[in-house]
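Notes follow once the structure below has been shown.
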Amino acid sequence: MKILYAFLIFFAKTAADDGVLDINVPHLTVKAQNAGNITLQSGLARDLYLEPGPGGKVIFDGEDILEIIKMAKTLPPVWLPHAHNGFFGTFEGGQRIHVKLEARDPENGPLEYQLVAGELPTDVTLDETGGYINGVVPDIERFYTFTIRAINNQTKYADSVFKMEVLSNDNCKSSPCQQHGTCIDNSNNTYSCVCPEPYSGQRCDTDCRSNAFGVRYKNKIPDAQMSAYLSQSTYLASNGRYSGSSWCGTNDNSWLQVDLGEPKTVYKTLYQYRSSTYYVNGYTLSVSLDGVNFNYVNDTSGLHTFSGGASTYTNSLPSPTLARFVRYHPKGYKSGYYPCMRVELYGC
């Protein structure tokens, strides 16, 4: 202890020549005894300097004081005067938007954007790093208010309140429904048409009287949807398609059935003979929705008989009829032969 004390006195005396205490050692630690204090005090009206080397830090209780001071001096982001703030704009339902949010960091650092209040329209999102608002505006008339926060690297931030108006798009303004159909403007940026008979389709552009269900095509009516009762030999029900090789029954009690797959409105039927000797004189139709309970197609006089013979005939039903299952019942055929036919159905 005596040696250290003498050294300190000597050191202080030597340094007092120019009034500067100059300690030039690789590392210096100043530590008070338990319950002791360390006081750094300048002279009257003089300054106290802490000067780390280039790239150095001033650490206090594990924290970089210089960084804290830098953060304290940092300014928050600034929303640019010409930026899309305040009233964001008016948009129509279904319109695509791609708008850049414009805020600037005074230190030219990167910014992050956050939605902190309100909500964006459905299917419209905020790109938090790029600062874009993107998406397709829903077709719902509404006024939106939301707050977006711009944040810099020092967590300083600035908020801006945006207002956005969405107008429902009139999807019927172009009168898309043909044949005097009634247009209904849906809320999902689409429309639907209520079509007068005998028309159907998205725009009422399908005439059900000439719209074949496609019995002749296996990809539309598979073989499994063709059936028959009392078929002759190898003349399968699936051969009874229009332009097929023909189905043949054994007598007037035979029938050929077409399953349309789902209930549809039937407007017309087509009959085609097999040959000059294999045909039916006429036929009746019975229809069903469940495949169990069948009703015959009638006209004002009773059971309606459709034309047959050694030719091809297209006949309208007495009235459009809702059905899934349609049966063809032969009514007379050439003596000594069999009732044969090929068929197609029309409707929507």
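Quick reminder: no glycine exception, Cβ is built from N, Cα and C everywhere.
According to TrEMBL, the signal peptide annotation covers 1-16.
Beyond its flanks by at least six residues, the domain 'EGF-like' (168-205) meets 92-95, 138-141, 211, 267, 320, 348 of its own chain at Cβ-Cβ distances under 8 Å. Sequence annotations record features per position, and here TrEMBL assigns domain 'EGF-like' to 168-205.
As annotated by TrEMBL, disulfide bond applies to Cys195-Cys204. Remark: Cys204 (disulfide bond) has Cys177, Gln178, Gln179, Gly181, Cys193, Cys195, Pro196 as non-local neighbours, by Cβ distance under 8 Å and separation of at least 6 in sequence.
Residues or ranges marked as domain 'F5/8 type C' by TrEMBL: 208-348.
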For the domain 'EGF-like' (168-205), residues assigned helix / strand / coil by DSSP:
0 helix, 10 strand, 28 coil
Within 10 Å of the Cβ of Cys195 (disulfide bond), how many other Cβ atoms can be counted across all chains shown?
22
